[in-house]
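Visitor: Taken from TrEMBL, the feature domain 'Major facilitator superfamily (MFS) profile' covers 1-181. What TrEMBL records for 12-34, 40-59, 71-88, 94-114, 135-152, 158-175, 204-225, 231-254, 266-284, 290-308, 329-347, 353-374 is transmembrane segment.
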Amino acid sequence: MKNKAFVQTCFYYSFIFMATSGLAAYMSLFFAAMNQTDTQIGILTSIGAVVGIIASPFWGIRGDRANSKNNVLAICLLLSAAVIWLLPLFGKNFFLLLLAMIIFSFFRSAINPLSDAISLELATKENFQFSKVRTAGSLGFAIMSMVAGMMIEIHINAIFIIYTLLITASFFVLLRLPQISGYQKEAANINFFQVLKSPSLKKIYLYVLVLSTSFGFFGAFHALYSVQEGISVGLLGVGVMLGSFSQFPFMLFFDKLYRKFGIRNIIIVAGIFNAIRWLLYAYWLNSVSILFLWLLHGGSFILVYLSIAEYVHRYVQKELKVSGQMMNAIILQGAGQILGGIAGGFSAGLLGYGVVFGAMGVLCIAGVLFFVIATRKNPTLIDH
């Protein structure tokens, strides 16, 4: 088979993103079914990000120093598939749910960054485009988000069955991928936080933190807000599916976009898309508009995700490839989830979801202005 590694990596990404779809879109509904308050839901959906920030240096160093990065990833896959069942087991007790999320997130938080680090290196060695692999992941996410929405209407615990089965499938595909070793040698260990030496990368991360805060609030509360506004879970599932499909053009042509416009212009456009999207969520969310609002998803998260993954792969030293992807996860999916989930949840309890979405739109506008000004003297974002 021509480029067997590419096909296998596509299947792997399809499975892990299919597994993630139910958790990403509907976990807040599970916590609501467990009689948790908005503040508690914000904490529960954000604690994974806290754990991820703490665990990422550990997993980053393990990956960079491992004889096989694949083996480290395999451990995380199997254990996350097992410990997720602590959530339905612990039921309605907030503190036990919190403990379960901490244990689950310790392993779950490493899966995507390790997968990206391995796949980006495979893409270079086997001559295929990582963005195409990520497209396969989004295709899986899109299909399963609708299926999961339908299954959850039957029983909320369906998300755990889906996750376990698909993560197990991804584990078996991973076993067939070429082995990728870490670059650090015991005699030359490099500190995880050396990733932050780059002035340009620091500016990128600060800007992405602003955007990821809005992603964090959205991820924690969009399902609850949508249901509150009279939108069915089934229609929401269709919206999530359309949101995933809307990313395809950006992923398929990402390499051309990156070469032509560069990371700076791409993530500025993503910030503008974000601002528009959140302001529309604040003032125009209903059963008619929900599908259109999900179509805007394509021009926001995926552009930021792919841009910083590609930037780190190109410009961070090879001994820190895994650590760099872990740092991406800390900023994009860790710190942002904490700020957006906890602070956003508290604010939503006082002011309502719509008001907070409006505030997120204004925050993104401010972030765009900051980034434009901060990087105007070095638009290529390449440090010399």
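Glycine too: its Cβ is placed from the backbone N, Cα and C atoms.
Not measured: the values here are computed from a predicted model.
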Visitor: For the transmembrane segment (135-152), find every same-chain residue at least 6 residues outside the stretch whose CB is under 8 Å from a CB in it, and list them.
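Guide: For the transmembrane segment (135-152), the sequence-distant neighbours (Cβ-Cβ under 8 Å, at least 6 residues beyond its ends) are 9-11, 13-22, 24-26, 29, 158-159, 162, 166, 233-234, 236-238, 240-245, 247-248, 251-252, 302.
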Visitor: Using a Cβ cut-off of under 8 Å, list the residues of the same chain at least 6 residues beyond the transmembrane segment (353-374) that approach it.
Guide: 203, 206-207, 210-211, 213-214, 217-218, 221, 224-225, 228, 264, 267-268, 271-272, 274-279, 281-283, 285, 340, 344, 347
Visitor: With a Cβ cut-off under 8 Å, give me the same-chain residues at least six positions beyond the ends of the transmembrane segment (12-34) that come close to it.
Guide: 40-41, 44-45, 87, 91-92, 97, 111-112, 115, 119, 133-134, 136-145, 148-149, 152, 156-159, 162-163, 166-167, 169-170, 173-174, 177, 219-221, 223-224, 227, 233, 236-237, 240, 244
Visitor: Need a quick answer: max count of Cβ pairs under 8 Å to the transmembrane segment (40-59), which of 71-88, 94-114, 158-175 is it?
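Guide: Result: 94-114.
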Visitor: I need to check the long-range neighbours of the transmembrane segment (266-284): which residues 6 or more away from its ends have a CB within less than 8 Å of a CB in the stretch?
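Guide: For the transmembrane segment (266-284), the far contacts come to 204, 207-208, 210-211, 214-215, 218, 222, 225, 257-258, 293, 296-297, 299-301, 303-304, 307-308, 354-355, 357-358, 360-362, 364-365, 367-368, 371-372.
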Visitor: Return the stretch with the most CB pairs under 8 A relative to the transmembrane segment (94-114), choosing among 71-88, 231-254, 290-308.
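Guide: Answer is 71-88, with the largest number of Cβ pairs below 8 Å.
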Visitor: In the same chain, who gets a Cβ under 8 Å from the transmembrane segment (158-175) while lying at least 6 residues past its ends?
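Guide: Here the qualifying positions are 8, 11-12, 15-16, 18-23, 26-27, 30, 70, 73-74, 77-78, 80-82, 84-85, 87-88, 144, 148, 151-152.
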Visitor: When you check the transmembrane segment (290-308) against the transmembrane segment (204-225), do you get at least 3 Cβ pairs under 8 Å, counting only pairs 6 or more apart in sequence?
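Guide: Contact criterion met.
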